[in-house]
Each structure stands twice: as structure tokens, then as C-alpha cells.
Amino acid sequence: MPRTILDGGEDFNGNISRTRSHHQTDDHGYKVRFPPAKGLFTELAEGVKETFFPDDPLREYKDQPRSKKLWFGLVHLFPVLDWARSYTFGMFKGDFIAGLTIASLCIPQDIGYAQLAFLPAHVGLYSSFVPPLIYAAMGTSRDIAIGPAAVLSLLLGTLLQEEINPVKNPHEYSRLAFTATFFAGITQAMLGFFRLGFIIEFLSHAAIVGFMAGAAITIGLQQLKGFLGIAKFTKKSDIISVMESVWGNVHHGCNWQTILIGASFLAFLLTTKYIAKKNKKLFWVSAIAPLISVIISTFCVFITRADKQGVAIVKDIKQGINPPSFHLIYWTGPYLVKGFRIGVVAGMVGLTEAIAIGRTFAAMKDYQIDGNKEMLALGTMNIVGSMTSCYVGTGSMSRSAVNYMAGCKTAVSNVVMAIVVMLTLLLITPLFKYTPNAILASIIINAVVSLVDYEAAYLIWKVDKMDFMALLGAFFGVVFASVEYGLLIAVAISLGKILLQVTRPRTALLGNLPRTTIYTNVEQYPEASKVPGVMIVRVDSAIYFTNSNYVKERILRWLRDEEEQQQEQKLSKTEFLIVELSPVTDIDTGGIHALEELLKALEKRKIQLILANPGSAVIQKLQSAKFTKLIGDDKIFLSVGDAVKKFAPKSALNV
């Protein structure tokens, strides 16, 4: 007896739509529905919007007066205008304490990181004065602490010294550093302005873990120069060159006073770090330990005049705040191109590090950061920084962690830190004259130890072996070649993994779980039974020209294996092939052509091809290519269960 049923399908958003339809026999339940056709420009517009504007940034501007739109525009560019209105004195107390704490940590670190980049010590301090002020006005992270970072300093120093010798030509070297910083800022700002932040996602988490660990080892080895008091040291960063340089200086002897200073204070710093790790409330012990180490070691060198006995010291640090450096940037000539190349690499690395740090702490405090605004903020601060004698700055993991644990509430902690650095530049830089290089080496080694995240590496090994290969590639590339090669290897392996997954998607044979209508992977669920005379295959990826031939060949291999098994066990021959398409999010002409070839191959075997649960994008393209007419509308079903019920009713009754 015919009765009215609901015809169902998917609308253009992928949702099941249910409408009253004509009278027909309820043989197989809901039917697949074709979504409304879209024009070329509509599809392009939706694709562009989803790629570049998934957050719909203009939604709050709709139906607003011009003055309101102007205010929203200013708030978008300067988020400080929004959160500053609800800022309280209680919040300032937290920010003030956090700012003082990270300032005590950043001052000795900045001097050491500047030496890591082969730049004067005062340039490191400059980079913690102007950039944090810019970021505080434009950034969206409440916890990130801005300034020089170990990995970025190493990267910049490695790339710059390949072009200019920092000892023979310090002025030109600084000019190239400012040029690279300018283009790093331009790169970051343009990525944010054009909303291209998804590009940095191509550097996988595993690759970043390996890259950071390799950079930490490299940075630590580089500090052997200051730690052992070696005068002549290699400019290369790979482990072989560094160890050859260390071994080559052994017969000359090392300065025992330098080793004593470095070893004793490194032990002190590691001890305080261990204490802070065991008791989170004592984080400040580890935070102020570097500054205490600098004060004590400087005083000891001064009263013993150990500098006259071969202990290398910082010497004079230029007093005063940042001078303008716009005129020092290379605007023409060969160094313009070199600065651009170095700046792009440094900008991408700095951006990746800052976004990762910002997201980490935002998740811990349950708030969101805007990736595109972060890029604009970081880019603007580096552009301004390049014109005020700063080198590339980013978020520092160690300082951000201290900032978080010190109870920061907003980016005002960066402002407090910047003011303390400014006062240091104006008043007390002469006091750092007798600071031994060994203590700076100890501070840097202590800072980079935490970059070796062995727990994350072990987890990656357990979860995904391909990810672990990316980690190893990045790690060994940095350690045995250079930071630049390590980064390239990390990106190459990450892209290679994506290409492998795209070109070789997973497929699975499905079976029915007893007493249910669920059809699932028989390898994952051995109790799932195959339907006699029916082979059910699921494709777990979009089908494009890059993988369409593989998908077709893989399905035919399943069939050949099935036929051999049927002959051996004298089972019923396969009459129907059901392809489950629910995981297939898209298909192109290459994929449709592969389905046509599959259909022809099946017809020769007298096997009928049936499609189950195609998504809206897939069914629309199949209809446009007239494949639905070729296969027949009666061979397309909303679910595997409906298809089995139609073509293998006896098996369906046993469910």
C-alpha cells in the first residue's frame, strides 16, 4: 500500500533536508537530494570568504552608523581601546608585579641574545623597549612577553654573518640586521593584512618541536665559547664544526676562572629552575635568578679584576634610549635583496613561535587570540623596531611563562617591562661593564634547556610515526647543518606528509555489526560481518586528480582479493559494490573520470556500482558531469543500510 514518506537529502550546507514528497513505496527510506545549483561567481565568492574570512570580520559593522564603524575600525587595529575601558587598579597590580618580574629576567637575557645574534648588547635592550609598547596597543594576547628570543637570535646571527663579518664590519652588519628586521615586519604585517595566516600552519607541531630542540642544542653548543673562555671560535653553528673548534682549542688551555664562573652560576640557575618547577608558587626564584647571577658575578669580577686575568667581559654598553635607524636601513643595492631574504625567513619563524606561544597561554586562560591581528601587531612592532635600532623581536616562551605565572592580566605587563628596560638604558648600563660573558652563556644555556621537549617528542612517536620523522628531520637538520636547513627540512617533510596523505588516502572494507544497522571497518571491528554478494568500501578522503587513480586501483584490488577468497571458500560471487562516500568532502573532474573507469571495469565483471551518502558538493558535481544519469538515480542512496536493504534484502532482514 503506497503511503506518503519524507524524501530527504542534503542542502548546500550539508544538512539533511526533509520535505513532503510524492507518494511512493518506502523501499529504502530517505533518498539523496540534489542541492540547488550555484553560479561560478557564487562558488568563488564562498570559497574566498571561507579561506580568508572564516570569522566574518565585517559582521559587527552591519547596520551601524559611520561613527560607530570608525570606532570599530580603530578597535580592530588597536584592541587596547576595547579592553582599556574595563581596566582596573586590581588588574594593574597583577600586571605591575608581572612586568617587574619579566624585566628582571629579560635584561640579562637581552644582553646574551644580542651576542648570540652578533649584535652590540645595547641593541638587545633596545629590542625590549620599543616593540613591547607597540604590541601592547595592537596585540590580542594577554600573556605573551615580547622581545628578543634565543632561536630567532641564533637564526638571524647565522644568516647575517654569511653576508657580512660582524667583527670586521660591525656597522654594515648592524645595518643589514635592521634591514632584515624591517622586511621581517613587512612580511608579518602583509600576512596579517591579507589574512594569509594559514600559511604558517604548514609547519607542523612535530616539526616545530624538532626544530626548537635542535636549535636549543645548537645554541647551547655556541655558548661553549663564553663558557670555556675560548677566544677564537667557529662562526658555523653545526655540531661538527663547533666540536672541532672546541677540541682545537683544548691544547691552548681554557681560562679556569671563566669555567668556574660559568659552571657555578649555571648550577645555581638550574637549581632555581628545578625549585620553581616543583613548586609553582616559587616561580619568582627562577625568574630573578639570572639578574642575581649577573649582579653577583659582575661584583666578583670587579673586585678581583678577573678581567685582567683573561675573563672576558661585556665591556661598555651604550647608555641612552633607542636612536633612530631609518637612515641605516639598506633601501638600495645588493644588501637590500639579502636583507629581504633573511627578513622573510626570520619573520616567518618569529611569527610561528609567537602564534604558538600566544595560543598556548590563551587556551590555559580560556580566551581567544586573533591570528591576523597578531600578525599585524608583530609586523608593525618589527617595522617600527627596525627604525629605532631594534632587531627582530617575537614572543619569548620563557618570559611568557614567567609572565603568566606572575599573574599578568593584560599586555600592560609588557609596558611595565619596557619602562624598566628604558630606565636601565638611561641609568644603569655602565654597571654592566664588568659582567662576564660566562654568566651570559650560563643564562642562555639555562633558558634553552626547556626548548628540548622530550615529553612531546615521545608522545609524537607514540601517536604518529610520520610526524616523528618530521621531528627528527628538523632536529638533525639544525644540529648537523644549520638553522636555515633545519627549517627547510621541517617544511619539506611537513609538506611531504600532506602530499602523501592526499595522494594515498585511506580506504576500508565495511561490514555490518550484528543486530545493528551500522556498517563499519572490518579491520577495526572484526565482529562486523560482510554482506554476502555485496562488497562495501569506504573512501576516507576527497577524490582529486592526485589520488583518483590510486582510489580506483585500490578498490579493484579489494575486488580481486575478494574474488580469490570467494573461489577458495566457494562463496557467492560479488554482485554489488557499494562505495560509502560520506568522508569524501569533494571531487574533481579527475575523480569523476576515475569513477567512470571504475564503472566500466565493474560492468565487465557484471558487478553493479552503488554510491552511498554522497555530500552536497560531491553529488552536485556528479550531477553536473552527468555521472548520476550514467550510473542511474536508483543506484545512489542516503546510507549503506538503505542500499543493502534494496539490493540484499535477505541480508538486511538478518540485522
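Each residue, glycine too, has its Cβ placed from N, Cα and C.
TrEMBL entries are annotated by machine, without manual review.
Positions annotated as domain 'STAS' by TrEMBL: 524-647. Summarising the annotation, TrEMBL assigns region 'Disordered' to 1-28. According to TrEMBL, the transmembrane segment annotation covers 144-161, 173-194, 206-224, 256-275, 282-304, 340-363, 375-394, 414-432, 439-461, 473-496.
Here the transmembrane segment (439-461) has Cβ contacts under 8 Å with residues 108-109, 111-113, 115-116, 150-151, 205-206, 209-210, 212-213, 215-217, 219-220, 223-227, 261-263, 265-266, 269-270, 273, 290, 293-294, 297-298, 314, 397-398, 467-468, 471 of the same chain, all six or more residues outside its ends.
Sorting each residue of the domain 'STAS' (524-647) by its DSSP state yields 63 helix, 21 strand, 40 coil. Between the transmembrane segment (173-194) and the transmembrane segment (144-161) there are 3 or more Cβ pairs closer than 8 Å, counting only residues 6 or more apart in sequence, so the two stretches are in contact. Remark: the transmembrane segment (282-304) contacts the transmembrane segment (256-275), by the rule of 3 or more CB pairs under 8 A. Counting only same-chain residues 6+ beyond the ends of the transmembrane segment (414-432), those with a CB under 8 A from a CB of the stretch are 95-96, 98-100, 102-103, 106-107, 110-111, 121-122, 125-126, 128-130, 132-133, 135-136, 145-147, 294, 298, 314, 316-321. Nonlocal intrachain contacts for the transmembrane segment (473-496), taken as residues 6+ away from its ends with a CB within less than 8 angstroms of a stretch CB, comprise 151, 154-155, 158-159, 202-204, 206-211, 213-215, 217-218, 236-240, 345, 349. The stretch in closest packing with the transmembrane segment (340-363), judged by the count of Cβ pairs under 8 Å and taken from 144-161, 206-224, 256-275, is 144-161. Long-range neighbours of the transmembrane segment (256-275) within the same chain, counting only residues 6 or more positions beyond its ends whose Cβ lies under 8 Å from a Cβ of the stretch, are 226-229, 282, 285-286, 289-290, 293, 296-297, 300-301, 306, 309-312, 436-439, 441-443, 445-446, 449-450.
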